[in-house]
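Copied over from TrEMBL:
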- 789-875: domain 'Heterokaryon incompatibility' (DOMAIN)
- 1157-1195: region 'Disordered' (REGION)
- 14-55: repeat 'WD' (REPEAT)
- 56-97: repeat 'WD' (REPEAT)
- 226-267: repeat 'WD' (REPEAT)
Amino acid sequence: MSELITITTPLRLFEGHEERISAVAVFPDKRRMITGSYDTTLRLWDLKTGVVLKKMEGHRNRVWSLAVSRDGQLIASGDSGGEVIVWHGETGESLTKIEAYSNYIDSLDFSPDGTVLATGAFREKMTKLWNTKTWQLQGETIECDCVRCVRYSPSGELLAIATYEDIQIYNSGTRKRVKSFKAHKSSNLSLAWTPDGTRLLTGGNNSDPTIREWDTKTWKQVGDPWTGHTDFIHAIAIHPAGTLVSSASRDNDVRLWQLSDRRTVAIFKRSSYPVCDTFSVDGNHIFSGGDDKMISEWTTIVTTTVRDACIDGDLSTAEELLVQDINTDANNHTPYILAITTSRIACLNGDLSTAEELLTQDINTSPHNYTSYAHRSFVMARKYDWDRALLDAITSIRIQPSLTGYISKGIALCGQGRVLDARAAFDVASMYTDQDSEILHFLLLIKVITFFNADQHDEANLLLKELATGCPNADTLACGIVQAYLYVQLGIKALDGARYDEAADHFTAALDSRDPSSKSNIHEIYEDLVVLFGWDLKSTWQKAHHKRCDALLRAGKLQDAVKSYQHVMTSTDEITNADCLDWSNGESRIHFKQQCSALCAANGDAAFAASDYDKAIDLYSVAIDLDSASDIFFASRSEAKLSKMLWEDALFDARKVTELNPSSHVGYQLSHSALRGAQRYDEAIEAFTIMLSKLDDAPEEQIRDLRQQYVCPSEAEDAIRGAVWIELSNAPLRLLNTSTGILCDRAAQLNSFKTSPEYKELLSSITKRSDLQMERIKEVVATHFRCVLLSHRWEETEVLLHHIQNTDVRELKGLGGITKLQSFCKIARDAGYFWAWMDTCCIDKSNNAELGESVQSMFVWYRHSALTIVYLSDVPPSSEPGALASSVWNERGWTFQEFVAPKVIRFYQKDWSLYLNDRSLNHKESQAIMKELEGATGIDAQALISFRPGMRDARQKLQWASKRVTTVQEDTAYSLFGIFDVHLPVIYGERKQSALGRLLQDIVSRSGDITSLDWVGQSSEFNSCLPADLISYATPPYSLPSLSEDEIQTAVSSLRNIVPVDSTSQLYDLLENMNTPLFANCRLRLPCIAFRVTEVKRRPGRAVHSTYEVKADGLQDLMITTGKTLIQFSRARPIRQTFFLVRPWDRRLLGLPDFSEQPTFADEGESVGDWSESQSGLDDTEESSSNSPGEEELSVDLDVHSQSLRLMVHLGQAFSALLLAQQHVGEYKRVASDQYIIAQVKDPASIDITNIRTLDIL
């Protein structure tokens, strides 16, 4: 290949456009060219004269893109306004207009058969396909991000779309995406398919101004990116023969590349940057246009022999010089066999289409030129068109039998697999050598190569061997060259087939077959082999050396690969050294060494990716042996050793990285990982801190940008501290450290954690911002601060706070209760917990604020405990089942929440052995123990296991707690704060009735639950509607009888014709809009249905409690038993005081969702917010209804009268009534009774709105 040529003067300029030329294309007739411009016009040019044939107007906006159909009959152009105009390819007349988009049309392309036009738009992120007969959309739009370029494959089977993000490949028939891949670092600007469709080339923007080559079978990148451009690559064009590539870039260059080796052949310098380019049909010219408003024409004929003539555009001189070279070169062995003149340049450059065209022109000029037919047969054989090759060979022989004719026939027949016929052709060819031994010898070499290419390897090798040894006048150098080349081809096949040992043997044989004494330029001597078979003799030895190293490395023979390299490097053979230097592109031998080491490193990377770390380490070690100055290899080996957990070895390599590249952050990053693995956390943090400083100080912006993803240790400390405080917010204020025996406050707990290995390991692991959110911080913190709480019955003497402050509890002796504390801490420590808590000694009871907070938080503490240990001091060792149920622990008030709150619990007997010897980790999962506790407490086993605090089922929870006792009377209420999730002041010294009253008041006010008013016994001084003691809830509430739906419907039917519609609806509406009970300042505002008492008469008897016969308007007569003395009266003997029997209003009677079904508690420590008056049951019901699609409409359609009648039926059932006695105007007190007052209306139809009241009860 010729050396790089820079050309600044184009052959010709096409001038006429008034603004930038944005697109260019040539017609298949070779005569015309079309251009599009920002000046809104297209121009049709005569390529021969350079004259504008037609100025095509019609666009209203800048012409942005254009395309010509393969047959030249259609032109399509797209503009910046989204309009496509289709023009006639011959006349240039407008055929149709399409409003394709609303903005820029960035790219157009016709399918190879011309039936579809593809259009792509960047801003609208879509590609559309148009039927070229109807010009309607064909199929659905392809949604594909910001489109830069669309190109059909040569077969039309595939459509490639370059988008801002990636390259997308679609099946053009099915529209299904076949593949998408990230081609360039940023935007992908341009596309081009090779004529055979086996490769796709892509061009990038200024962030990645390279061309990349992709294998269209695997969609893997082929080779390295093509580098040279420094700015946007706007367009790529490929030579019709697929040998050359042209690219237009914003760096003002049009580059000409050789596709085979991806090297730049020439650079065409423009005065302004080009945005479009294309090849001429014959491939001899490039046309490029851009900001200079002109099309520049450049020649592509560039060879070493005729370079100067080509630069001047003197093609006749170029040919003349080439013929002169051929005829005068003394080293040209076969001037008579392949004296191709007009097409020799094209054949040498691999431009077979041009060669074919030139030879065809010769044939057309001289139809009886048998040589031209034979030469074209050689070209067709190069193109693997065996039928045409054979036809041309036969035609040549028919015109005149000749040596070249029969050689071409033999080659063509072998290509068709007709080896026997080919032998005959070569035999006949020998008759035309004039017995010239040199020509005969070369003929036999051609036969060898031809048979080898036909996979007749054995025959070819045998013939070559006989030729080399049996012919006295044989050209041994030629035999060696052919032998070497054949070995290289066999080696490449073996390498491609992953037969690496075999490949290495072939490459070695190729190198061994070379005559070391020859210093000739074999590429020039045997140029005819290049012309005839397309051989690249220049790279044969380079390839053999390179491939042998590669094969040995791939075979895992690292030592042999290095030895092969060292052999080349230390060889005294000048030719061998020259080959090595040529392999390294003419640079120093160091480069060759780097290539070999890089290959080792690449294989090491592959082994690392496959998790074969031992192999990776070996390969990186070889690379280091070859290039010990590379910090990258040491870094790679360090990573592999880290994966093997070879911490110290990895640290050695990491420090070597730092030594070789002190300014890089990588060595410190690896050191950090190695030191962490070695559990040297303080050093790891120090290394990480230095790494951050290296990132901050890096000169490269992209390296500095990496700093943004990392956090400094202080930020990590803050994140951990935040997680600790969150964790401790649900833990007791003081905790016992089970390892040290010391009682610790919050600060001491945090300091203890910060000195632990767990903390240092965690701190050293938090390096990136994403780590700040990771669950691992929470997990490590939660694990460290897991706390064990004790539930027990206080003894006469217990260890208190002042006993253990600043003291190791393990060393204390002689204190009452110390054994219990020490045993508890030991069990916690043996179970792997760092922290323990016991209520007797871990609360400062002299501090009212701390005591109040502890009472408020105790349920949450037990809820979040990792384990709660229940110590049963009255259950002896080896007790039988039932002992737990008999324990006094079950009777205490505080132990209620201490058992239902925890998720994990274990019971221990007096000697600290497990109850029933049950060694399960959680006794709540023991059916036997839970069944025993269910019987002892009356609490359902499932509720014991999955208890949820809150207002729901308040009456039942009060019943569960009703018989439990506390030493301090206020604790009767305080011990239930957590059960109901209430937050009230803790006021030790207030009376029990006050504490209980405040609790019940909060329950009723916040939940609206009136079941808390359902009790028997003595009234509280706090409020007469509340009991004086929890024992009043021990009696289960009166269970209202339920009606079946049939009974309800029957009752509704009986009322329908009796009760007026207006009155029932009015009653329903009034009750529906009643507020929930409001409890504040010891006063209850109770919505109710009130029945005035008309008569109270005491029944005779001397019992402690009196029984009264009571009559009330609208109610059936009933009996009331109470300890209170009631004033007797009747209608005949009225009194001034008013009495009511009331039915507290229960919204459930409306048939709406029960308030208890509403969520009232968020688990894991979340609290229920206070309810305001507006958050009544009414509002909840309305909200619930609105949240159910369709229910609102359904309610409108329902029979409102039927709803009202159903309510009256329910009101007609028996109910638990309250007896209220008037105190002052508008104020009442409840008269407590020893039994539930069960009342029932005489006639549901008699209930009206006058019964509905809201009464203030003291």
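Every residue gets a Cβ built from N, Cα and C, even glycine.
Taken through DSSP, the repeat 'WD' (226-267) splits into 0 helix, 24 strand, 18 coil. In terms of DSSP helix, strand and coil, the domain 'Heterokaryon incompatibility' (789-875) has 36 helix, 12 strand, 39 coil. Across the repeat 'WD' (56-97), the prediction's mean pLDDT works out to 95. Residue counts of the repeat 'WD' (14-55) by helix, strand and coil are 0 helix, 23 strand, 19 coil (DSSP-based). Each residue in the repeat 'WD' (56-97) gets a DSSP state, and the totals come to 0 helix, 23 strand, 19 coil.
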